[in-house]
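Taken straight from Swiss-Prot:
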DISULFID  Cys26-Cys101  disulfide bond
TOPO_DOM  1-28  topological domain 'Extracellular'
TOPO_DOM  50-67  topological domain 'Cytoplasmic'
TOPO_DOM  89-115  topological domain 'Extracellular'
TOPO_DOM  137-177  topological domain 'Cytoplasmic'
TOPO_DOM  199-216  topological domain 'Extracellular'
TOPO_DOM  238-292  topological domain 'Cytoplasmic'
TRANSMEM  29-49  transmembrane segment
TRANSMEM  68-88  transmembrane segment
TRANSMEM  116-136  transmembrane segment
TRANSMEM  178-198  transmembrane segment
TRANSMEM  217-237  transmembrane segment
Amino acid sequence: MSAGNGTPWDATWNITVQWLAVDIACRTLMFLKLMATYSAAFLPVVIGLDRQAAVLNPLGSRSGVRKLLGAAWGLSFLLAFPQLFLFHTVHCAGPVPFTQCVTKGSFKAQWQETTYNLFTFCCLFLLPLTAMAICYSRIVLSVSRPQTRKGSHAPAGEFALPRSFDNCPRVRLRALRLALLILLTFILCWTPYYLLGMWYWFSPTMLTEVPPSLSHILFLLGLLNAPLDPLLYGAFTLGCRRGHQELSIDSSKEGSGRMLQEEIHAFRQLEVQKTVTSRRAGETKGISITSI
């Protein structure tokens, strides 16, 4: 969405420098840009909530994912809606007429603009980061929790798991790596952009010292987080499938070895029984001959 709605307009705006479109286009662009940014921040949270539900409640219904997606898009729309009223075109008269799309005059005091920017920062960065940290922490704790080995002593109503699947360190390690990668990707993609933004908020004079292209590059880096998450999950899923295949092979080998040992043990017991029976028969025959 951000690539289709915001990036081409931004590229054209950077070429023309001033705003050449109408006022409604200015408001719409800034609304769509912020909505795309909100959705890029909220969708990884939805993925984290879905993964948490899949791990903690694997037999539960997955119908809640669509509701979470709808809530993420609806919340993105509502939080970006003020952009339609804050941004507008401003005309500067002079030897060279100039028009720009800005928020000049929308805030009566500097603290109001700073408060709005901090609120946006919390909704776009701090809250999603906290939510994902909680989700993936619960996933890691659930997967890393030591499982009671179930076998002949398993309580009634519980299934006995093969030993190759019980306490598998590879599954726990993959889950831990995935959680760390998701959080690290979100932090690396968005932190530079928001650090630069906070620098602007508390020191507006820095706007003249930092090239505008830097903020655009950092913004695109932040939006890169959205397509990276599905790639990480895809790589993790392929790794899990390979791991499950290896575990299946190991368990089948273990089962075959166990069956072979049981057959050897049964064969040895049969041989012992035959030997004992033949000895007893010989002793009985010897006693009968002696008595004669």
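Glycine too: its Cβ is placed from the backbone N, Cα and C atoms.
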Neighbour-count leader, CB within 10 A, disulfide-bonded residues: Cys26, Cys101:
Cys26
When secondary structure is assigned with DSSP, how many helix, strand and coil residues does the topological domain 'Cytoplasmic' (50-67) contain?
11 helix, 0 strand, 7 coil
Sequence-remote contacts (6 or more beyond its ends) of the topological domain 'Extracellular' (199-216), Cβ cut-off under 8 Å?
10, 14, 113-114, 117-118, 193
Using a Cβ-Cβ cut-off of under 8 Å, list the residues of the same chain that are 6+ residues beyond the ends of the topological domain 'Extracellular' (89-115) and lie near it.
13, 18-20, 22-23, 26, 29-30, 201-202
Determine which residues of the chain contact the topological domain 'Cytoplasmic' (50-67) at the Cβ level, with the cut-off under 8 Å and only residues 6 or more beyond its ends counted.
135-136, 138-139, 142-143, 175
For the transmembrane segment (116-136), the distant same-chain contacts (Cβ-Cβ under 8 Å, at least six residues beyond its ends) come to 34, 37-38, 41-42, 44-45, 48-49, 51-52, 79, 82, 86, 107, 178-179, 182-183, 186-187, 190-191, 194, 197-198, 201
For Cys101 (disulfide bond), what is the secondary structure by DSSP, using just helix, strand and coil?
strand
